[in-house]
Amino acid sequence: MEAHNVSAPFNFSLPPGFGHRATDTALSVILVVMLLLIMLSLGCTMEFSKIKAHFWKPKGVIIAIVAQYGIMPLSAFLLGKVFHLTSIEALAILICGCSPGGNLSNLFTLAMKGDMNLSIVMTTCSSFTALGMMPLLLYIYSKGIYDGDLKDKVPYKGIMLSLVMVLIPCAIGIFLKSKRPHYVPYVLKAGMIITFSLSVAVTVLSVINVGNSIMFVMTPHLLATSSLMPFTGFLMGYILSALFRLNPSCRRTISMETGFQNVQLCSTILNVTFPPEVIGPLFFFPLLYMIFQLAEGLLFIIIFRCYLKIKPQKDQTKITYKAAATEDATPAALEKGTHNGNNPPTQPGLSPNGLNSGQMAN
């Protein structure tokens, strides 16, 4: 379907001056500062030797790339068919599905106690791979949805900029950990406090900028699609890595990397490809998708943290039981003079080789 033959649904129009207001500029600057701080903090948790190991044995990276560019685009395409979405709706979802992994995956991997070295390597490789995979996937899956040429709309400069904003602060963090480790706790604490404060500012500015415009994309089928896509990524990423027998830490990492998409790139493509009168409220679909990414990611973190609190209690019960059994046996052994102070007492009357004292005497 040609873009110029499609009209914006709901007679939608963007807020006046959208994208050029002072609040828009402030939001963009804050998001950049947040990303740099997060990547710097995450770099302080990484080790160069472990990063190099993931390149020498790239099993986890390959699985993640397959999950990212195999599962997510196919899921987006199938969901568009299942929910009978319009051409523009299906295209907006497909662009999100073909985007590389987002930087939020690194932060959520840290919260899920995943492999941070693998996470950063995966994000970097995913972005590099996007330079070729995004135009190819958009060309393949958009056939029958959109008659225009999407492969020329891929924001290559945006992808390269996102790589720079990941690699440079991470490299600084790795340097600090290896050469100035005494600074690392201060960097992590300051980064956490500043990031939390900026998150509040981002929330307030986003509400001011978008207002009630996002309500236009909260239709039942778009809500269902934007909730199922990240969930599918989280679930299938974990299952795929489990099938290849990766350790639990790597499974959680690949799960987060697969489920989180770079919605900023999706917004850029939609903005470049379609004028507002064509894309209409679907301009805000990436924001809706990001909300569900965050909500589902936080839900998985809560479930995982609850699991960690329950699991040690079971282990502690076993330890306490064994300790109690040893304590009950010790007084009796002391009375008989058979306790040596280190090992649990043996059965009375038996020597270590299984013969009683009478048999030994004979």
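Numbers here mean position along the shown chain, with the first residue as 1.
Just so it is clear, glycine is given a Cβ too, placed from its N, Cα and C backbone atoms.
Noted in Swiss-Prot for the protein shown:
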- 339-362: compositional bias 'Polar residues' (COMPBIAS)
- N5: N-linked glycosylation site (CARBOHYD)
- N11: N-linked glycosylation site (CARBOHYD)
- T330: phosphothreonine (MOD_RES)
- 332-362: region 'Disordered' (REGION)
- 1-22: topological domain 'Extracellular' (TOPO_DOM)
- 143-156: topological domain 'Extracellular' (TOPO_DOM)
- 180-183: topological domain 'Cytoplasmic' (TOPO_DOM)
- 244-247: topological domain 'Cytoplasmic' (TOPO_DOM)
- 274-280: topological domain 'Extracellular' (TOPO_DOM)
- 312-362: topological domain 'Cytoplasmic' (TOPO_DOM)
- 23-44: transmembrane segment (TRANSMEM)
- 48-83: transmembrane segment (TRANSMEM)
- 87-112: transmembrane segment (TRANSMEM)
- 116-142: transmembrane segment (TRANSMEM)
- 157-179: transmembrane segment (TRANSMEM)
- 184-217: transmembrane segment (TRANSMEM)
- 220-243: transmembrane segment (TRANSMEM)
- 248-273: transmembrane segment (TRANSMEM)
- 281-311: transmembrane segment (TRANSMEM)
Contact between the transmembrane segment (281-311) and the transmembrane segment (87-112) (at least 3 Cβ pairs under 8 Å, separation 6+): yes
Contact ranking winner - 23-44, 87-112, 116-142 against the transmembrane segment (220-243), Cβ under 8 Å: 87-112
Same-chain residues near the topological domain 'Cytoplasmic' (244-247), Cβ under 8 Å, at least 6 residues beyond its ends: 59-60, 63, 254
For the topological domain 'Cytoplasmic' (180-183), the number of residues DSSP places in helix, strand and coil: 3 helix, 0 strand, 1 coil
Averaged pLDDT, computed only over the residues in the topological domain 'Extracellular' (1-22): 52
Same-chain residue ranges lying at least 6 outside the topological domain 'Cytoplasmic' (180-183) that approach it to Cβ under 8 Å: none
DSSP-assigned states of the topological domain 'Cytoplasmic' (244-247) in counts, ordered helix, strand, coil: 0 helix, 0 strand, 4 coil
